[in-house]
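TrEMBL lists B:19-248 with the feature domain 'ABC transmembrane type-2'. Residues annotated as transmembrane segment in TrEMBL: B:20-43, B:55-82, B:102-129, B:136-161, B:167-186, B:198-215, B:221-245.
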Ligand SMILES: Nc1ncnc2c1ncn2[C@@H]1O[C@H](COP(=O)(O)OP(=O)(O)OP(=O)(O)O)[C@@H](O)[C@H]1O
Ligand SMILES: [Mg+2]
């Protein structure tokens, strides 16, 4: 396995008021991957990203980016990093193109108006180059933030909820931008509250909750390993109540009586499927269709954090 | 040294200043002209020469210092406070720049602005009084050093300030008294001995004295001492800023 591009070891962040936002985070980010950082409000996502980017000072622990320690070799570490912050912060009176060019300058890259224009075009901001930031809509401002981060051609890009407040069409457009960047070899870490976003574009998902990484897993493997599945059996003739033997299986009957649904854990040793199906056939009902559905990442995620909660409460 | 980054901050700040150049100039030019009218013409006609220099001319260096100090301090304080306030400073803090580079960009821009205003006021002074400059190069050197050191002080104030009131109050409460008590309008040799000693703790005394020497060839304190004190003040401010960035005080969470 090649060296990870970002390594985080035992990272602790205690804010001045004594609140511990990160309680020992360990995480490796692979070069070229898209990693989605998922977690509820206040989980520590922004704190984690800010610590890597040098905006927040870690209390203890080490972070390296491209092999450079962010504390001791910060200049070379930061050279590689682009950050799209969660909150929209822009100079109100400055023109879009100038704001973006400023970011490139800050990272020591030579002036390159053609590149800036290309970046703006790729984010559908091409015609806004000469507009002052304050005259942009919220979604446009967010895209200016992305343009600022891309202007200095980072190798590792952090996107802190990049698609919050962006309409559906543009969100898809942004996913394309992210996919293009990945194709160019950029490593991307994004936090998001839109689960379908992680599901759609992330290679791996890291779940963070109350300052700890609870799980890191390939998106597909996670779905397969943890997926609760739902089987729906459609009947030829409606039934009013479940026949005796079926009642024990915890099925739900649809209102019109045409469908019974069974929820099971596909990871479990015993799914109960075999017994259910034989019991079903024994009742003599006529079946017209059987479908199964994988639960979404969101459902998995809610289940996971709830489990952690009850686990800790005990 | 990340020169590109320093330039980026410097020109970004300068273009911000240029957008309001009219406002930046009109107030200092107007108030200085009023000083000339009141002190130079009205009162000055009743005051004899000070150390062989007509009073109207004698106050010119002090007046320039008064404006330059105030402008350098408030420009630098605002220059760093504004991005801190709206949150764009985070980007600067995450850039591959050292504290010295960031400081140089912001302080350089504020000092340039103050220097420009100082020169405009010097130009204005020629309309009111007969003036000749004995040591033009030293004059320029003192002016630049003053702009830089007080921009550094303003930079610290801007980092420290948590609201607009603090931002304006401190320059007003600290700089104005220092300047007025720093011999801008009189020679400190005119003070009683005890107050002369107290004045020696006021950094502005050395600035005004050295600056005045560059005009008229005479000073309250030796020029070498003036220069040394300015450099000490400058070094102290730089040291303070180094510590601020080192500890992240008021900047990094
Ligand atoms: N400057 C601060 N001082 C004290 N506590 C803070 C500070 N910033 C954040 N916190 C706390 O740290 C915790 C983590 O905050 P963080 O912003 O990292 O969460 P997040 O995962 O990004 O949440 P969200 O999804 O809402 O953006 C929260 O409980 C928050 O209240
Ligand atoms: Mg956040």
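Every residue gets a Cβ built from N, Cα and C, even glycine.
Long-range Cβ contacts of the transmembrane segment (B:102-129) within its own chain (Cβ-Cβ under 8 Å, at least 6 residues beyond either end) map to 5-10, 13-14, 17, 24-25, 28-29, 32-33, 36-37, 40-41, 54, 56-57, 60, 63-64, 67-68, 71-72, 75-76, 79-80, 92-93, 143-144, 147-148, 150-152, 154-155, 238, 241, 245. Ranked by number of Cβ pairs under 8 Å to the transmembrane segment (B:55-82), the listed stretches B:20-43, B:136-161, B:167-186, B:198-215, B:221-245 are led by B:136-161. When the stretches B:20-43, B:167-186, B:198-215, B:221-245 are ranked by Cβ pairs under 8 Å to the transmembrane segment (B:136-161), first place goes to B:221-245.
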